[in-house]
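For 1-183, the entry in Swiss-Prot reads region 'Large ATPase domain (RuvB-L)', with the evidence type sequence analysis. Here Swiss-Prot flags L22, R23, G64, K67, T68, S69, E130, D131, F132, R173, Y183, R220 as ATP binding site, drawing on sequence analysis. Under the heading Mg(2+) binding site, Swiss-Prot lists T68. Per Swiss-Prot, region 'Small ATPAse domain (RuvB-S)' is recorded for 184-254. What Swiss-Prot records for 257-353 is region 'Head domain (RuvB-H)', and it gives sequence analysis as the kind of evidence. The annotation DNA binding site is assigned in Swiss-Prot to R312, R317.
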Amino acid sequence: MSGEGLVSAAAAPEEQAFEAGLRPKNLDEFVGQRKVREQLSIMLEGARGRGRPPDHVLLSGPPGLGKTSLAMIIAEELGVPLRMTSGPAIERAGDLVAILTALTPGEVLFLDEIHRIARPAEELLYAAMEDFRVDVVLGKGPGATAIPLDLAPFTLVGATTRSGLLTGPLRDRFGFTAHMDFYDAAELALVLTRSARLLGVQLTEGGAAEVAGRSRGTPRIANRLLRRVRDYAEVRADGVVSREVARAALRIYDVDALGLDRLDRAVLDALVRRFGGGPVGLSTLAVAVGEEADTVEDVSEPFLLRAGLLIRTARGRVATPAAFTHLGLEPQSDQLGRSQAPAALFGEDLPAS
C-alpha cells in the first residue's frame, strides 16, 4: 500500500485477514463508542431475556470506525450465525429473496453499504423486516400473481457511510439506530495497545500516543500505521515502537503529525503559497496539484475540513490560520476574516475562474 493509502479510511482487499485477527469478539473488548456500546448491550440483554430476536439495527458513520465489527459482535452476543452481504451485491430482488429464505431462526443478516441496495430489492425488504414475509411475483402482466413466503425471524444490521441517502420507509423500519463518531487520541491509543498485544509488538505509551495522533480518529488507519511502524522498528531499530521510532517511521511514509499525507499537504501548500490562502475554485486548485478535481474533493478535502485547515465558501476554498501555522507560516492579516466567510450552500463553489 502506498504512503497516501496509509491514511485512507477505506479497507483494502489485502487487509481483510489482518483486520479479522484484530476484531474484538464482544462488547467488552470493543474500544470507544461508549454510548453505542451501552445502548446495544441493554437491547441485546433484553432480547436474550425475551428469547426473541432484537430490533433491526442501523449503524451509520464514516468508514473504518467498527461498524462491521459491531455486526459480528451482535451475532456473537446473541449466539446466532451471521450472514454478510452488501448493497452493491444485491442487484435484483431475486438476489435478496435467495438470501432471506436461507436464513435460520434468529440469524443476523449484515447488509453493508445498505444505501446502495437496488430499489426493487429495497421495497421487498420492507415486508421482510416488518412482517418476516416476502411476496414472490410469478408471471408478468395482468396474469402475474404474488405468492407470500414466510421467513424465519431474523435481525438485519445495516451499515452505511451515507445515511442521508437512505429512504424514509427503509430508515423507519430500524428499531435501533446509532451514529458512530471519530475516536479521540486516548481511545485510539487503547486500540493500538490492544492490537500491539495481539500482534506481539512492543509498543510504548509514547509510541501509541504518536501513532494515535496521526490516525485521523480512525481505528482502521491506526492499525495500518502500526503495521508499518512495526516493520521499521524491527528493521531499523531494536524492535520496540517508541515515540521516536514511530516519528521516524511515519516520516518515511510521509504521514505528518496531524495525519496529513503528501496530497493533503500539496493541496494546503498550493492554497497557501500559490493562491495566498484563497479563495480559489476547486478546479483551479486541482490543476495546481496535478490531480483530478474529484480526487481533491473526495480524498483530501474531508479530512482538511474536519481538521480545521480549510473551509469551503461560495467563492471557493479558503485556508484557515491553522493551515498557515501547520506549514510554518504566519497567517495573513486578513486571513481570519476570509476563513470566516459564509460557507457555500451544499458545499459547492461558484465556477472557477
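For all residues, glycine too, the Cβ spot is worked out from N, Cα and C.
Applying DSSP to the region 'Small ATPAse domain (RuvB-S)' (184-254) sorts its residues as follows: 52 helix, 4 strand, 15 coil. Taken together, the residues of the region 'Large ATPase domain (RuvB-L)' (1-183) have an average pLDDT of 90.
When the Cα positions of L22, R23, G64, K67, T68, S69, E130, D131, F132, R173, Y183, R220 are compared pair by pair, the longest gap among these ATP-binding residues is 37 Å.
R312 (DNA binding site) counts 22 other C-beta atoms within 10 Å of its own C-beta, drawing on all protein chains shown.
In this structure, the C-alpha atom of R312 (DNA binding site) lies 25 angstrom from that of G64 (ATP binding site). Put simply, R317 (DNA binding site) is 46 Å from E130 (ATP binding site) when counted between their Cα atoms. Using a 10 Å Cβ-Cβ cutoff, G64 (ATP binding site) registers 26 neighbours.
Local packing around the Cβ, expressed as the count of other Cβ atoms within 10 angstroms, is greatest for R317 among the binding-site residues T68, F132, R317. Ranked by Cα separation from R317 (DNA binding site), the binding-site residues G64, T68, F132 are led by G64. Annotation note: G64 (ATP binding site) sits in a coil segment as assigned by DSSP. In the three-state DSSP scheme, E130 (ATP binding site) is classed as helix.
Classification of R312 (DNA binding site) by DSSP places it within a strand.
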